[in-house]
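Asks: Take this structure first; my questions come after.
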Amino acid sequence: MERSLEKMVDPTLAEMGKNLNEAMKMLEDNQRKIEEENEKKYVRNDIPGPLQGSGQDMVSILQLVQNLMHGEEEDESSQSYRLQNVGEQGHMALLGHSLAAYISVLNRERLRNLTTRILSDTTLWLCRLFRYENGSAYYHEDDREGLLKVCRLVIHSCYEDYTVEGFNVLYNKQPVIYISSAARTGLGQTLCSQDVALLDRLIKDDINSGKLPLLLVANAGTPGAGHTDKIGRLKELCEQYNIWLHVEGVNLATLALGYVSSSVLAATKCDSMTLTLGSWLGLPAVPAVTLYRHEDPSLSLAAGLTSSQPVEKLRALPLWLSLQYLGHDGIVERIKRASQLSQRLLENLKNMDFIKTSVEDELSSPVVVFKFSPELPNIDQMLHAGPASIIQPPITSNERDICDTFNQWLGEQLAQLVPASGVDVVELEDEGTCVRFSPLMTSAVLGTEVQDVDQLVDCLKMKIPILTCTLQLREEFEQEVKRTVGLSYIEDLSWPGLGVVRYNSDRKNDDKQEKEAEKINTGLLKKLNELESDLTFSLGPEFGGEKNCVYIGMVTEDLDVSELVETIAATGREIEENSRLLENMTEVVRKGIQEAQVQLQKANEERLLEEGLLRQIPVVGSVLNWFSPFQASPKGRTFNLTAGSLESTEPTYVSKAQGTGTTPPPTPTPNRIKQRLPGQKLFKRSLRSSDGFSETSSVSHTDDLEKMEQRSHSVSTVQEQGTVETEKAEQQNEIAQVNDKTEDLQSDKSQQSGNDCTKVEEQESLR
């Protein structure tokens with residue numbers, strides 16, 4: 001400003017302006033100082049912590065973001081594992097978002113030219129890659145938004161006055177949108193054909209009733225099982241009735257491959273399709289794309305499929321960068337690798353028992369759906385029957401629920417054991433609960449490799465025997481529990497395991513029965529978990545489970561169900577008896593204390609009568625006791641816990657020793673745990689075939705232990721000569737001879753005499 005003043009011609013005006021400038025500066029400085037002092041005096045207490053002061057530095061902000069993303073408790077290795085699969089192509093997509101924000105501040109002309117180039121390039125590349133010629137593209141964050149815009153476009157096309165009258169124009173002819181029934185899985189070729197015929201009749205009925213068929217949504221890979229509709233026949237039907245055909249699904253990704261199935265290839269003739277490239281190619285935060293064909297740009301603009309705002313066109317920038325980075329070969333390789341992973345898993349599943357697969361096109365389907373299908377009578381008929389089995393009576397609801405429960409457990413176990421596989425659990429209308437492997441949606445992000453598929457197969461092979469054995473032993477466990485006194489079988493079809501059991505207390509008091517049952521079953525669960533066994537005992541699911549029960553998990557084929565049930569019942573009885581013994585003892589002690597208080601009070605009264613009234617006077621009593629001491633024997637009481645009665649302490653003072661009283665009887669312990677082989681855990685059936693003996697000459701390991709102990713005792717009584725070392729050596733020899741075969745013992749009997757005969761007879765008596 002000073003330089004501009006110097007250029008003025010009139011020096012007076014220049015001087016006046018200079019003085020005015022200095023005066024204003026002084027006033028502004030003074031006002032600024034006053035404001036700063038007032039700001040220091042007034043501090044707002046409602047400002048959040050991160051916003052207080054002069055702000056946070058970049059390192060602190062990024063550290064906060066990292067903690068929110070991964071959690072402070074996780075280590076660096078787990079964080080790096082989650083970030084490493086983003087890959088360089090993912091970095092390009094993330095760079096696109098940053099560049100979009102930077103480009104948006106350019107001048108309008110340069111911004112318009114740049115966004116037009118980005119949008120046209122990306123649209124052309126996608127149409128060529130996925131065989132969709134002469135198409136336009138709409139980029140959207142929500143993959144459902146594209147179908148919404150297409151619906152608006154069709155409404156604008158079919159209702160000329162929609163722009164003016166809005167939804168009022170729809171009253172005369174109500175629009176109808178059709179969703180393909182092939183989204184239901186397990187229906188086969190015949191039923192799909194019937195669906196098209198049924199749709200034809202449905203469209204005719206809607207037209208006759210004054211409605212306007214508007215849009216049909218078909219699937220090239222349903223969300224659940226990856227099945228594809230008869231898109232070719234549906235396209236013919238749509239052309240006949242002037243209906244817009246929209247296709248979506250995961251199988252659309254295979255359009256980029258060299259070989260494409262005819263059912264998926266027919267999708268290139270549809271009016272619009274939605275592509276989700278982010279999950280297919282492992283690109284984070286890239287938009288979904290809806291490709292469509294329409295000749296009127298004004299209607300596309302009215303429907304929101306195109307925009308005149310340059311910033312809206314920048315949505316395609318992350319894809320524009322990522323597609324160039326990957327190139328055609330990189331895009332095809334990722335899609336092809338996902339299909340190969342599916343084929344590898346499918347080939348292994350075909351050779352597995354008790355596994356049923358649901359795949360439409362075994363040559364190119366990128367989705368594999370499978371389930372554990374046990375050999376139940378009704379289910380076995382469904383497996384081996386043809387397409388007509390669809391209309392046969394379905395399996396019972398209980399069998400269906402059990403299968404769904406076991407498949408839910410199987411899917412969760414596989415996802416936990418092999419997280420890189422990306423398997424998940426899906427609920428299908430006809431098949432029930434299944435396990436889905438869709439590498440096209442997950443492998444690019446999770447980094448799924450061939451070894452992950454092989455590991456998934458190995459885990460599945462380990463889980464199938466557990467599932468089959470548990471399912472076979474459930475009925476035996478139920479019957480065994482129902483035959484056992486004190487136990488109740490709780491039917492819970494949603495529990496993946498052997499079953500649910502409850503110990504019932506025989507207490508008749510309803511007020512205390514529930515509390516007693518909770519106490520006993522809680523203690524029972526604790527005792528069972530302390531045993532050395534391979535079984536899992538729990539309180540069941542966190543939500544929806546039965547109360548006061550013990551839930552038993554999956555089991556193996558060597559489970560001894562009878563021993564398990566006997567152990568549960570005996571342990572429950574032991575806990576109940578101990579609980580009642582404690583309650584009875586508490587009551588006895590309480591009554592004993594009350595009785596002792598009464599007796600002690602009575603003894604004090606008797607002592608007062610014996611001492612006389614004068615001895616109770618403070619001064620007189622002391623003098624009288626000094627001249628004539630009063631000799632009184634101490635009378636106390638002791639409480640005998642064994643007998644539950646009060647006893648006098650006079651015998652203690654006479655004998656100068658504490659009496660032992662009656663020895664309590666030993667607490668009976670249930671003999672529920674049988675002797676086991678070395679290393680053998682509880683509830684396991686021992687396999688006799690591993691002993692190496694014949695059925696006639698072999699003995700069990702438990703019998704061997706008993707005979708060895710008896711033989712050791714007999715030999716020690718027969719031997720009367722020799723030193724102690726000789727006796728020990730002979731005992732060891734005799735113990736070793738117990739496991740000999742019967743033939744050896746018979747031959748020894750014919751050869752010995754005298755004292756040896758006596759020894760053999762003892763062996764025979766032991767046997």
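Any Cβ shown, glycine's included, is placed from N, Cα and C.
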Asks: What range among 13-44, 333-364, 461-492 does TrEMBL describe as coiled coil?
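Replies: Of 13-44, 333-364, 461-492, TrEMBL gives coiled coil for 13-44.
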Asks: Per DSSP, what is the residue count of the domain 'PDXDC1/PDXD2 second' (365-471) in each of helix, strand and coil?
Replies: 67 helix, 16 strand, 24 coil
Asks: Using DSSP, how many residues in the domain 'PDXDC1-like third' (477-580) fall into helix, strand and coil?
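Replies: Output for the domain 'PDXDC1-like third' (477-580) reads 48 helix, 15 strand, 41 coil.
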